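The structure under discussion appears below in the form of C-alpha cells.
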C-alpha cells in the first residue's frame, strides 16, 4: 500500500493541475474536445436513435454560433458512446460547451484530460484505495454479507453507484423487503440494494397526507440526501464520476462490497421520531449489521430521546450505529446523538479543494472556493462593478444577507454582489442576486463561520471567501466609488495542506447530558464530498435549478457519518465476532490527531489547534483500525449500568431495560467508569469536596496472543495522573486485563485540559484522549 504513494500523488496532482489549466483557458474561438454525457432515458420519441439525438444537440449549439457557420456537427463529433457511457466526444469552443451544458438531457460536459484520476479522494485519503493487488482491502472478504441500513430520504436506484455487477446472491440471513410505490418497483432492488422500505405514518399524522403527485410515497429519493449517504457507505465503483467536471475520478463507497438497505424516514416536512423508531426496529429484524443515521434533533434526556432508545435496542442485537454529530458548530455544546452506544461523527476536510479567485480593481487577488460551471462566465481580462448592500456594522442586515426581496435591481443589475453568509441557504442567495439582475456573487463568511470555506454549485458565477478576505472586499466596495472585481474558477486541486482540518460547522462538545462521556467520538471527511445524486433535483437543490447531474458534492456531518458506517462494515466483515463497542474502540484508539504537515489538527473556525471537544479521539484511520491491538469492549448491561448512574427513575430506566429485563447492579462507581475508549474526568472546582478521582478501564487483546504493552500518559498543569499497572502483559488472544487511572488535583484550571493515554507494544499505539474539567460550584 505504501510502496508508491508519491507516484500516485504526483500522477493525481499533475492530472488535476492539467484539468485546472483546461478550465482556465479562455480563448472562446479555440475548439477543444469535450465529452458530452447524456441522459439516455431522456431521448424524445421523435428520434430514431440516440446518436441522432446526440448529434442534434451538438448541431443546435453550433448553428447558434455565427462564427461556426458551415461547420457541420458530423465533423465535430469524434466518438459516439452507446454502451458503458452515453453521449459523444465532440470538438467544441468554450462558448458552445457552456451553451450545450444548459440543454435538456445533457447531464454534464467534461473537459478532455491528459491523465485520468484514480479516485474521488476520500477512499484514497483514508488509505482504502488498493494500489497493489496484495492490498488487504482487495481480498475477497465476507463484506458481501454485511448489510448497512441507511435511514434517510430514500434512494435513487438507477444510479451507477448501486450497480450490483459481480456481487454474490443476497445473504441468506437477510429478512428485509423491497416495498413498492410510485417510481419504485421490485426490480429496483438488486444484489446491492437488498431492501427498501418507507415509514410515513408518524409524518402523516403530524402533517396530513403526503401529496403523492409532488412527493414519492415510496423508497425513491427525490431529495438526494439519502442517495448521497448510501453511495458514500457502500457505493459500487463508478469511473468518470464528477460534478460538472469537478472532482473527476472513480467514485466508490467505503465498503463497495457491502449491501445497502434503504429506510426512508424523511419527507419534505422533516423526519418524525415515530417513523425513525419503527425504521430502526424493522432494520434490526431485517438483519442489518450497521445502521447509518445522518439526522438528529435537539438534545433531550436519554429516556426522552427516541433515537437513543431505538439504537440501544439495536446495540443489544449486535448492530453498530453511526450518527452525525450535527452542523451546529463552531458553537460549543452543540452536539446531537450523544448516547455512548452511538458512534457520534464530526466532520473534517480532505486534501482536495476547488479554488476560485476574486481579482479586485486594486490588483489584489483573494482566494475562495466554488463549484460553479455554467454558460455565464466573467472575463478574467475585464473588471466588473461590485456592490455591497450592507454597512461597516458588524451585524448583517437583510440586504447584506441577500435575502429574498431585499435587493434593488436598479442598484445591483450588472454588478457582482457581495452577500454575507447566514439565515438563508448559500446557493439561494445566488438565485436572489441573479433574479435582481446581478451578474455574479461573492459570498463572505461572518464571524460565525470564520475562515472555513464550503464549495457550492452556484447558479451564477459565484464563490465563497473567508471572514478576513470578506472584510477586505467589503471595505473596498464601501470606500471606493468605482470598486470593481472579476471572478475566476480554477477547477480541482489536490495535496492541500494542512489537512485534515475540523470543519467549522461540525458540532462541538462537551456532551451536555454527561460530561464524563466525551463526544464527538471522532471526525471523518465531511467537506466537499462527491457521491451519487437524485435525478429529481439539480445540484443546488433549488427548484429553479434545472441542471441534472449523476453525482453531487455536499458538505455536512451527514457526509462524515456514512464514511464511518462504511468503515464499520469493513471491520465487521474482517472481524465478524467484534461487538459494536469493539468496532467503535478500534476506530477511536487508532484515530490520528496530526495533519499532513505533522502538526496538531486545526479548527477551521479559528485557525487554532482543535481539541477533543471538536475532534473527539481524532480523525479515523481505517487501516490502523483493522488491527488495533487492544479494544475497550462494552456489553449491553454495561451501558445499562451507565444509565443507572444518570439519576433516572425506575420507570425511566425501564425504557431501556424492559425488553431484556435489565436491572441496576451498580457495578459503576460513576459515569466515568464506563469502559469508554475516551477518558473524561470531571472535578468540582471546590476541591475540598473531591481532590482525587480514580477511573477503571479494561482492555481486550485482539492482537498477537503474547503481547506486552507499556503506558505513556500526558502531563497536566492542574492534576497529576498515575496509571496502575504501568504495563500489561497478555498471554493469549481475547484476554482481558484491567488498569486504573488516578487523577489528583494540584492546581484547578479555569479551562479544560487536554491530553492522552497511549498503550504501546512496539507495533500498536492504543490511544485514548483525556479531558480534565473543573466544574465551578453552582
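A Cβ is built for glycine as well, from the same backbone N, Cα and C atoms used for every other residue.
Heads up, TrEMBL stuff is auto-annotated, nobody curated it.
TrEMBL annotations:
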- 152: active site, charge relay system (ACT_SITE)
- 225: active site, charge relay system (ACT_SITE)
- 558: active site, charge relay system (ACT_SITE)
- 33-118: domain 'Inhibitor I9' (DOMAIN)
- 144-602: domain 'Peptidase S8/S53' (DOMAIN)
- 383-473: domain 'PA' (DOMAIN)
- 673-772: domain 'Subtilisin-like protease fibronectin type-III' (DOMAIN)
- 1-24: signal peptide (SIGNAL)
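With DSSP states grouped into helix (H, G, I), strand (E, B) and coil, the domain 'Subtilisin-like protease fibronectin type-III' (673-772) comes out at 1 helix, 59 strand, 40 coil.
For the domain 'PA' (383-473), residue counts in helix, strand and coil come to 21 helix, 21 strand, 49 coil, using DSSP.
Within 10 Å of the C-beta atom of residue 225 (active site, charge relay system) sit 23 other C-beta atoms, taking all shown protein chains into account.
Averaged over the domain 'Peptidase S8/S53' (144-602), the predicted model reaches a pLDDT of 92.
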